[in-house]
Amino acid sequence: MVYDFKAEIVKAKNSGSHHWLLQRVTGIILALCSIWLIYFTLTNKNNDINIIMWELKKPFNVVALLITVAISLYHAMLGMRVVIEDYVSCHKLRNTLIVIVQLFCIVTIAAFVVAMFYRG
């Protein structure tokens, strides 16, 4: 008998382990981003807004802040999906709420990216 690894991968992907893994990976990335965010906050706590805005225009800080916000919202989207799937019994309402949460996160990430690169 030949063991079918592809079938096991597909079964695992549909069983929730993929979602579980995404939650853990985004959580680890958020923990690392939190270290940067705490450092950035503590080093700029006595600065005025102009200096902080100048610091945020540095490429490393721009990328770090974009990653932090995007991963935070994606992590929240994954978590909200689990909560909605577990506690909303009406299928139509459940699917509607999941789509609303996903759209909210995508629009918020897109608006944040535009705001970070807006030079007004």
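Using N, Cα and C of the backbone, Cβ positions are placed for all residues, glycine too.
Here's what Swiss-Prot has on this protein:
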- 1-19: topological domain 'Cytoplasmic' (TOPO_DOM)
- 20-40: transmembrane segment (TRANSMEM)
- 41-62: topological domain 'Periplasmic' (TOPO_DOM)
- 63-84: transmembrane segment (TRANSMEM)
- HIS75: heme binding site (BINDING)
- 85-94: topological domain 'Cytoplasmic' (TOPO_DOM)
- TYR87: ubiquinone binding site (BINDING)
- 95-118: transmembrane segment (TRANSMEM)
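Using a Cβ-Cβ cut-off under 8 Å and counting only residues 6 or more beyond its ends in the same chain, the transmembrane segment (95-118) has close neighbours at 62, 65-66, 69-70, 73-74, 76-77, 80-81, 84-85, 88. Of all the binding-site residues listed here (HIS75, TYR87), it is TYR87 whose C-beta has the fewest other C-beta atoms within 10 angstroms.
Look at the topological domain 'Periplasmic' (41-62): DSSP puts its residues at 15 helix, 0 strand, 7 coil. Only residues 6 or more beyond the boundaries of the topological domain 'Cytoplasmic' (85-94), in the same chain, are considered here, and none has a CB under 8 A from a CB of the stretch.
Counting only the Cα atoms, the space from the residue listed as 'ubiquinone binding site' to the residue listed as 'heme binding site' is about 19 angstrom.
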